[in-house]
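The block underneath contains the structure these notes are about, expressed in structure tokens.
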Amino acid sequence: MVKQLKLLLINPTVWKLTFKVLIGLLVIYLSQLLNFSWLAGFIFFISWLLIYFSFSSEKQWLFSSFWLTGFYTFWGFKIILNFPVRISTSLLIYFAAGLIFFLLFGLMNLYFKNRLSAYSFFQDFLLMVIFLIFFHSLSLPWLFPLGFVLFFSLFFLFKEVFSFAGLNFYRRHAVISLLLALGTVEVAWLVGFLPLGFINGAIFLTLFSFICRDTALTHFKGGLTLSFVFIQISLFLLLSLIIFIFSPWSLT
């Protein structure tokens, strides 16, 4: 363990990625000082653009994830600014943002050995953030605009994961991504009117997206079996029941 830690600390790639993560967090903090104004948004966009072009290998495969991460990070921190947050909570939020940045930048720099597992974890993390922002911002006047933003975000993320997995059925990917995004938005609107709370709602939608994405990937790889479907459905029902039990309208 100690040897692995030493190897990690002397790895130049880790330091390069950490430096880029710190730049991203510094730009967010600067945006916070500017109250996330239009000027802050412009500075953040230019900085994020420079970070994007600093990668030379796999950035084109993660184009959607990169820009959606930047967009929702800026939006999420802007929401957080409206609430009184303790220093410890603020540090925890910045740490979470740094973690998602490191995962993204590591994928773009070919740092992880099991890239598909790292990408799946990163995307689940990002989906959780997206759904948290969606449910927190959900209100009747903004129902359809938020729905469209969520739909296109999900469509590009689902489409990206199929390409990232090396599955070269582009038209089928587009159709399946369209159906998955549309179905998830429909479920999101339904869940939005249930008294689950925005955190439990986000967890439920992340679970739903994970199950759908995993099932679609398995189908394209030719490994979809009846037992796999049964396990996926059982897992979804069990975890959904736990989410509903611990919601404000608990069955207990």
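Yeah, the Cβs are placed from backbone N, Cα and C, and that goes for glycine too.
What TrEMBL says about this protein:
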TRANSMEM  7-30  transmembrane segment
TRANSMEM  36-55  transmembrane segment
TRANSMEM  62-85  transmembrane segment
TRANSMEM  91-112  transmembrane segment
TRANSMEM  119-136  transmembrane segment
TRANSMEM  198-216  transmembrane segment
TRANSMEM  228-249  transmembrane segment
Quiz item: Which listed stretch (7-30, 62-85, 198-216, 228-249) has the most C-beta pairs under 8 A with the transmembrane segment (119-136)?
Solution: 198-216
Quiz item: Is the transmembrane segment (228-249) close to the transmembrane segment (91-112), in the sense of at least 3 CB pairs under 8 angstroms with a sequence gap of 6 or more?
Solution: no
Quiz item: By Cβ distance under 8 Å, which residues at least 6 away from the ends of the transmembrane segment (36-55) in the same chain are close to it?
Solution: 20, 23-24, 27-28, 30, 66-67, 70, 74, 77-78, 81, 105, 108-109
